[in-house]
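Peer 1: After the structure tokens below, expect a handful of questions from me.
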Amino acid sequence: MSYTWLITRASSGRGAAIALAALEAGHKVIAGARNPAKASQVRPEIQNQGGTWLRLDDSTADVRHVIAKAAKEHGLNVLVNNAGGYALRGVLEDFSETELYQQMETNFFGPIRAIQGALPWSRAQKPGTIFNISSTSDITGFTGFSLYAASKAALEGASEALYGELALFGIRVLVVQPGASRTKFQSAGPRPAVSEACVGTTVDAILQRAVGMAAERR
């Protein structure tokens, strides 16, 4: 049976891979990207295989209406919240108020908005599935990634509660916790600045190694 998938942040990395896998399995795919024109140039195979690009910015409240409109036009069975390609690295005490909100915006508020936009249509077109892409950092809490781990923990907590809310409607909520993979994740966030008090400590070594790994993958 063919379902309609909507995948957020599908222009590169894991999101693009999921979109292509769904297309190859015979499903319909709506690939979300902040700049569809650029995305279609970077990943033309998604459109060539029948995928539809959608301008989708989950950092704005309007994303709810954008998803609702797309669902009305194409249908919607599966939502993939491909959040997490951005991680602020550094010592917790050094993060600014803006950075605190920025990390939560990317990995928590954005996916929640997408879910809110999709739910009315998912309920109407059973069965439905919501995939929230999380991380093993929620389990291990890697040194130097405190904000990232917190944002993923928030998404997983909401997912567990939502599982109970939606079970009666035939909608599954699944959390995916991928480990290390060959994407540009390590280079997506800004280079960490380590406070003087932490220079030479374990957290300093881990952060600098993360930067080195990112450089090796480019």
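Cβ coordinates are placed from backbone N, Cα and C, and glycine is handled just like the others.
Not my notes, these are from Swiss-Prot:
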- LYS38, ASP57, ASN82, TYR148, LYS152, THR183: NADP(+) binding site (BINDING)
- SER134: active site, proton donor (ACT_SITE)
- TYR148: active site, proton acceptor (ACT_SITE)
- LYS152: active site, lowers pKa of active site Tyr (ACT_SITE)
Peer 1: Minimum Cβ neighbour count within 10 Å among the recorded positions ASN82, SER134: which residue?
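Peer 2: Minimum Cβ neighbour count within 10 Å, taken over the recorded positions ASN82, SER134, occurs at SER134.
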Peer 1: When a 10 Å sphere is centred on the Cβ of LYS152 (NADP(+) binding site), how many other Cβ atoms does it contain?
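Peer 2: A count of 28.
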Peer 1: Can you tell me how many other Cβ atoms are located within 10 Å of the Cβ belonging to TYR148 (NADP(+) binding site)?
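Peer 2: TYR148 (NADP(+) binding site): 24 neighbouring Cβ atoms within 10 Å.
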Peer 1: Hey, how far is TYR148 (NADP(+) binding site) from the residue listed as 'active site, proton donor', Cα to Cα, in Å?
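Peer 2: Here the two Cα atoms lie 10 Å apart.
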Peer 1: Mind giving me a neighbour count for LYS38 (NADP(+) binding site)? Other Cβ atoms within 10 Å of its Cβ, every protein chain shown.
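Peer 2: Summing over all protein chains shown, LYS38 (NADP(+) binding site) has 12 other Cβ atoms within 10 Å.
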Peer 1: Could you round the CA separation between LYS152 (NADP(+) binding site) and the residue listed as 'active site, proton donor' to a whole angstrom and send it over?
Peer 2: 6
Peer 1: Looking only at Cβ atoms, how many others are within 10 Å of the one on ASP57 (NADP(+) binding site)?
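Peer 2: 16, counting other Cβ atoms within 10 Å of ASP57 (NADP(+) binding site).
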Peer 1: Reported as an integer number of Å, what is the Cα distance between ASP57 (NADP(+) binding site) and the residue listed as 'active site, proton donor'?
Peer 2: 19
Peer 1: Specify the secondary structure state of LYS38 (NADP(+) binding site) as given by DSSP, simplified to three classes.
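Peer 2: DSSP assigns LYS38 (NADP(+) binding site) to helix.
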